[in-house]
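Visitor: Below is one structure. I have some questions about it.
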Amino acid sequence: MPLNVSFTNRNYDLDYDSVQPYFYCDEEENFYQQQQQSELQPPAPSEDIWKKFELLPTPPLSPSRRSGLCSPSYVAVTPFSPRGDNDGGGGSFSTADQLEMVTELLGGDMVNQSFICDPDDETFIKNIIIQDCMWSGFSAAAKLVSEKLASYQAARKDSSSPNPARGHSVCSTSSLYLQDLSAAASECIDPSVVFPYPLNDSSSPKSCASPDSSAFSPSSDSLLSSTESSPQASPEPLVLHEETPPTTSSDSEEEQEDEEEIDVVSVEKRQAPSKRSESGSPSAGGHSKPPHSPLVLKRCHVSTHQHNYAAPPSTRKDYPAAKRVKLDSVRVLRQISNNRKCTSPRSSDTEENDKRRTHNVLERQRRNELKRSFFALRDQIPELENNEKAPKVVILKKATAYILSVQGEEQKLTSEKDLLRKRREQLKHKLEQLRNSCA
């Protein structure tokens, strides 16, 4: 497809003037002059931090591989013309040449933003401010691009033709160019992966579009809105240039599908809590289903009681067989209940410590009372009254023998008492008879 392009004859040695703001020279401002003046005073911590993250900007593009093409900063692009049109000079270019020229024109992020955004608009200033601090030299590059953009628009205004029939013919003959350009642009990297922040925050319809939707898409609507918002743009009819190829319905549908997919994902993520809250609040007549909580595995604390074999044998208590079986069953049931309760290790440890402390206090009280009872029983036995080291078994045996002897003496005394009562009754009856005989 032919393209009418007017080139400015310049030497490649002079291209350094156009990209000079991208480099740092030794004559520029030294931010650490205070440190050079006084070596004893160290720099501030903030200066060290910014010095560590100071990076050079992306180097400029290489010169064109074609000898006839010069730097994209000095290319004035004219509208398309079909083959055989004599209105503009220049020859015809192949698809590879056209893609190379478009790549040079749309190669950098700064140039893309300057094509879409007006350099005098507040959104372009916000784009400069929103960039990270490590992108040094950004403002100088933006200034250079804005100046070159003014020259582009002036050259385009002078070289464009107001013939509407020619614009219609350009629209009809540029479909093949659009297919080649869309095929080449499909291999581009999504700028949202590199820079996830939006280009602007304004909601005006004439502002810049987001980088993932229209910064790299060959859409004529976004470029038309940017040219209308720019004060330097001319009120000429829509004429397609090299940097604004026409769009077809298939491309617009693909872009719309991409935007809809992104919107669906974001809406699904944002509306998930609201849907969950709506499902959590059922109607008044229905039964509410509790929300499904994630499964959390918790460790169960198993209480293990070890016997203290170093304790003296005197502290043990001989329980009866029935009582011992009952206590063992109760202990087993407690262990089973403790195993069923799966709580956090810290809470289970604290509960076990409290239970063990309470159990120790009660056990100590019980042992003290038992010891006092044994001491009292020992004092009642005449044989062991003064024996403080008498074992519990001897105390129990002597106490049993003493009780049996006391019971025998009790029976003897009871029988003697009965005999004495009977004799008293007899003596009393005899006394009554003597009184009656004397009277």
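Cβ coordinates are placed from backbone N, Cα and C, and glycine is handled just like the others.
Swiss-Prot lists S6, S62, S71, S81, S151, S161, S293, S314, S329, S344, S347, S348 (among others) with the feature phosphoserine, giving similarity to another entry as the kind of evidence. If you look up Swiss-Prot, you'll see T8, T58, T315 marked as phosphothreonine, on the strength of similarity to another entry. Positions annotated as SUMO2 cross-link by Swiss-Prot, on the basis of similarity to another entry: K52, K143, K148, K298. What Swiss-Prot records for 100-108 is motif '9aaTAD', and it gives similarity to another entry as the kind of evidence. The feature region 'Disordered' is assigned by Swiss-Prot to 201-295, 334-364. Taken from Swiss-Prot, the feature domain 'bHLH' covers 354-406, and the record attributes it to sequence analysis. Swiss-Prot lists 355-364 with the feature motif 'UBR5-degron'.
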Visitor: At the level of the C-alpha atoms, what whole-angstrom distance separates S151 (phosphoserine) and S347 (phosphoserine)?
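Guide: Approximately 76 Å lies between the Cα of S151 (phosphoserine) and that of S347 (phosphoserine).
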Visitor: DSSP three-state call for S347 (phosphoserine): helix, strand or coil?
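Guide: Where S347 (phosphoserine) sits, the three-state DSSP reduction gives helix.
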Visitor: With DSSP as the yardstick, break the domain 'bHLH' (354-406) down into helix, strand and coil residue counts.
Guide: 42 helix, 0 strand, 11 coil
Visitor: For the modified residues S151, S347, S348, which Cβ has the most other Cβ atoms within 10 Å, all shown protein chains included?
Guide: S348
Visitor: What's the number of neighbouring CB atoms sitting within 10 A of the CB on K148 (SUMO2 cross-link)?
Guide: 19
Visitor: What does DSSP call S151 (phosphoserine) in the simple three-state scheme?
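Guide: Going by the DSSP assignment, S151 (phosphoserine) falls within a helical segment, counted as helix.
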Visitor: May I ask for the distance between S347 (phosphoserine) and K148 (SUMO2 cross-link), taken between their Cα atoms and rounded to an integer number of Å?
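Guide: With distance taken Cα to Cα, K148 (SUMO2 cross-link) is 72 Å from S347 (phosphoserine).
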